[in-house]
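Enquirer: Pasting a structure below so you can have a look.
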Amino acid sequence: MNSSLVDAPSPKASVEVQDKKQDKPKSGQDKVDNTFSSSDSSAETSRKLAETIAGLRITSEKIAKTQSNVQDAISASQSLEKKWQKFQSDFDKILNNAIGQIAKGLGVNSAVDEAKFGAGYKGGGEEMTTLEKFKVLGNDCSMKSLARRLRGNKYKNIVILMGAGCSVSAGIPDFRTKGTGLYSQVKKYNLPYAEAIFDLHYFNEVDKTPFHKIAKEMYPDPEKFKPTLAHKFIKVLQDKGLLLRCYTQNIDGLERLSGVEEDKLVEAHGSFLGDGLCGYCNAPCDKDVLKDVLMKGDENGYCGLKCTECDKGYMKPPIVFFGENLPKRFSENHKADMEGCDLCIVMGTSLKVAPFSNLASLVPKDVPRMLVNKELVGDFWDEKESEGGDTNYRDVVELGDCDDTIEAFSKLLGFQNELGVGGKESSTTKTTKEKNLKSEKVSGKKMKVKSVAKALLARKPNGRRVSIAN
Ligand code: OAD
């Protein structure tokens, strides 16, 4: 007999116990009844406990199953993403091949260098074939089409060209927007023309006070002015290893503040943030000393700092005035960068100041360009000017507020988290959609054949800064 059989009471034994209980006196009977009912309730409790434990086990199994389902879904979506990228790269290869074959079949090898089909066309004066143009954005010059390619790792050397429009939402006015731009606000200084406020000759020889006064208002205060979505977007590109360079005309330092590294940045028009220099003899001046003087002014309320070296000129922050050379970094890098980029994004600039305004025209013809601006600028494709002739094959034109567009673009790219923009549709995105409806008309079909001449005219061989007349 094994121990479990011995320990378990037989039904017969149980009856016997019950019979014995009935023979006991009344007082004892109560006692037995009580004992009996307490053991009944503890059996009930254990039954309930067992049920609860069983329930918990089922719930925990369900949780484990859900976890495994979620894990499966994540793996499936990752594998789908990989498959999609592979599909895109395979598609590119097939397309390249097909283009080469078709070109051969058409016997165009002599007219068009066949090598460029595979290796990538790098500009030049000759016309591109329809097939070459098709390769750039697949005849779909929309933001979605560009985002799809960017997600598919097609662009890894992105150049950003930016201007004052990118800082408007930070509270810093641009220059040329009528009414709100800085040049609309300097009329009070009786300048011969608005840009004279940043003109070296005017500053040195005619009147330095307008600049000194405006400098006091413009000094970037990191407490007051924060990077906008456009600035943050550049930082995200940098963090993902996709940024070749960011060229900015802005002097507010918001690119630096957003974390764009020095090596990735060319401040083409200088910045308020470095050491100052004499406008006349270039003698250096400590930035804090200059800032202090410009912000406070002297006892007469005048805020200029005279140069003690030449005793003629006045100190100015290291921003590039009209008539001054651009920083070395600009001349050292811009040609290779523009020719080497695989995507160029132009944001918030009127492209009216040379030589910066020429950069977008240096992008190779087989490289897509994106314009994020309130208005059409430079030689970006313009339906009106194409007059039913050429086709737009590479300019993605997004007219509207740059933060709205960057938000929408970032969502298409899956950059929301890095950029801190939510998944829900914001009011600004809605505006973008409305604008996109308009700009779809612009970005879809025709190519502009315009103003290379205008850009060339504005290009000065000495690299000095000039303004292009409207
Ligand atoms: P501009 O004022 O010339 O051009 C700003 C462009 O941004 C215009 O095309 C506007 O329509 C557009 N814009 C304004 N707000 C916008 C927004 N929220 N979203 C999208 N686009 C917007 O400024 P820049 O082109 O930067 O020199 O000017 C170039 C240079 O001219 C500046 O660097 C400055 C000035 O002389 C100095 O450094 C002092």
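Every residue gets a Cβ built from N, Cα and C, even glycine.
Heads up, here are the entries from TrEMBL:
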REGION    1-46  region 'Disordered'
COMPBIAS  17-33  compositional bias 'Basic and acidic residues'
DOMAIN    136-422  domain 'Deacetylase sirtuin-type'
ACT_SITE  HIS269  active site, proton acceptor
BINDING   CYS278, CYS281, CYS307, CYS310  Zn(2+) binding site
REGION    421-446  region 'Disordered'
COMPBIAS  431-443  compositional bias 'Basic and acidic residues'
Enquirer: Compared by Cα position, which of the binding-site residues CYS278, CYS281, CYS307 is the closest one to HIS269 (active site, proton acceptor)?
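Expert: Looking at Cα distances from HIS269 (active site, proton acceptor), the smallest one goes to CYS278.
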Enquirer: Let's check the environment of HIS269 (active site, proton acceptor): how many other CB atoms sit within 10 Å of its CB?
Expert: 24
Enquirer: Taking the mean position of the Cβ atoms of CYS278, CYS281, CYS307, CYS310 as the Zn(2+) site, which residues outside that list, in the same chain, have a Cβ no more than 8 Å away, listed in sequence order?
Expert: GLY279, TYR280, ASN282, ALA283, GLU309, ASP311, LYS312, GLY313
Enquirer: Under 8 Å Cβ-Cβ from CYS278 (Zn(2+) binding site), six or more apart in the same chain: what's there?
Expert: CYS285, CYS307, GLU309, CYS310, GLY313, TYR314, MET315, LYS316
Enquirer: Near ligand 1, meaning Cβ under 6 Å from any of its atoms: which of the recorded positions HIS269, CYS278, CYS281, CYS307, CYS310 fit that description?
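Expert: Going through HIS269, CYS278, CYS281, CYS307, CYS310 in sequence order, those close to ligand 1 turn out to be HIS269.
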Enquirer: Tell me the Cβ contacts of CYS281 (Zn(2+) binding site) under 8 Å, same chain only and six or more apart in sequence, or just say none.
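Expert: CYS281 (Zn(2+) binding site) has long-range Cβ partners CYS307, GLU309, CYS310, LYS312, GLY313.
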Enquirer: Pick the one among the binding-site residues CYS307, CYS310 whose Cβ has the fewest other Cβ atoms within 10 Å in this structure.
Expert: CYS310
